[in-house]
Amino acid sequence: MADPSLNDNPTACPHCASSQAGLLCVCPAGKSPVLVVEMSQTSSIGSTEFFASQERKKERNTSRESSLKDLSIRTSNVERKPQAQWSRSNVTVGKIPHIRMDDGAGIEEFYTFGRILGQGSFGMVFEAIDKETGAKWAIKKVNKEKAGSSAMKLLEREVSILKTVNHQHIIHLEQVFESPQKMYLVMELCEDGELKAVMDQRGHFSENETRLIIQSLASAIAYLHNKDIVHRDLKLENIMVKSSFIDDNNEMNLNIKVTDFGLSVQKHGSRSEGMMQTTCGTPIYMAPEVINAHDYSQQCDIWSIGVIMFILLCGEPPFLANSEEKLYELIKKGELRFENPVWESVSDSAKNTLKQLMKVDPAHRITAKELLDNQWLTGNTLSSARPTNVLEMMKEWKNNPESDEETNTDEETEQSAVYSPSANTAKQPTNAAKKPAAESVGMTSSNSSSSKLLSAESKAEPEKSSETVGHASVAKTTLKSTTLFRGKKRL
């Protein structure tokens, strides 16, 4: 419930109602300056709208201080209309504060800036410490003027998507501070840096180490795809390592986080199957359909996962060329080569998984959900590798139909044994010979071999009940009909 003592208009000064959104009001009524701020949807903190007012903080009653204790300590001059209990330690889905300021100095009231973690053409990333809790965060500081309108659109898109997601392997956005000149994103700190930097130090990862990384990555991408979000720029540089340790087998275990959602898009069903057409991303990670500028779907992310997995295993990308045009030609052909000596120690199961991830035709490519059940990824490499994509299963049968026919023959033999009547079978009443129409149709549709077999059985067992024979015929006819149907498809 909103505080009745506060003005209902979140973009106006509660004393004189003359301020503009995002500006500091110097109230003509002689009251303390008030900064108008607003809350954005979905994250870990919780609320919708609040005002900044030093005077109102002093006037809070005891019950309000009790219910919003953490907030009152955090925001010496910030007040809000409460809708839910606010807690800094709560990391479940709630609300992300998007705080409007008159200048960038306001954020320093909450955080102490430390070392520079990264630097770009129009921004920097700092390590920062929460003054209240001592927790470490990464703060991305962006100069709006230098960034320009196009870059700001990408940043706003990233913020919008990060406000809607909550996954253990996706970077967490804690708060947003914004002034007319700058924007600050307070994000989860990944102290081990980019996955690419870690890999460059090691050369490549072992198969088990790669498996753990791809498991985490597949989980994050399956989550995004389930929410109709396509990343479109998956690469080693956009995967951060929050922490790592060496296990008892001397294998490195990495806790990864997918980041950089500037090129991401959330489908809303405006196009058939949520198809996209914009060519974007990093060339060596681009899927063939993206390069061709054809309609493409979330399956472009799956190709990128394949490229990442390939690089993790051998230390180099699957396709290399001295020009972008030649690189694109290699990608569109999609011919994977395992020529590096390191591939000799990689299992066939891992190589088969790569082939499923990097099918040129996205319709034949494994999905993120299917990848989570992949035999290599789950560690179940004892059973024979079979495709999980429906189209790939059909293609395999078309190329090798004999295997299915052999299976059907074995099943038919088993069924014949099961339904074969015993010599001691008692004779059933004659009225039991009247069978349903469905069984009659099944018997007449059986092929000649089935008829001969039934005839032989009838001669060998003259006292066999017609009901028993009927059931045997139906069971065997079903199996044989399946084989005949497949034979017709091959013709």
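The backbone N, Cα and C atoms fix where each Cβ goes, glycine too.
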Same ATP site per Swiss-Prot - residue from Lys95, Lys140, Lys144 joining Leu117, Gly118, Gln119, Gly120, Ser121, Phe122, Gly123, Met124, Val125: Lys140
Candidate annotated as phosphoserine in Swiss-Prot, where the set is Ser63, Ser403: Ser403
Neighbour-count leader, CB within 10 A, binding-site residues: Leu117, Gln119: Leu117
Most distant Cα pair in Å, residues Leu117, Gly118, Gln119, Gly120, Ser121, Phe122, Gly123, Met124, Val125, Lys140 binding ATP: 14
Rounded mean pLDDT for the residues that make up the domain 'Protein kinase' (111-377): 93
Gly123 (ATP binding site), number of other Cβ atoms within 10 Å: 20
Distance, Asp233 (active site, proton acceptor) to Val125 (ATP binding site) (CA atoms, angstrom): 20
Cα-Cα distance linking Asp233 (active site, proton acceptor) and Gln119 (ATP binding site), given in Å to the nearest integer: 19
Binding-site residues compared (Ser121, Val125) - highest count of Cβ atoms within 10 Å: Val125
Remaining residues near the recorded ATP site, that is with C-beta within 8 Å of the centroid of the site residues Leu117, Gly118, Gln119, Gly120, Ser121, Phe122, Gly123, Met124, Val125, Lys140: Lys141, Val142
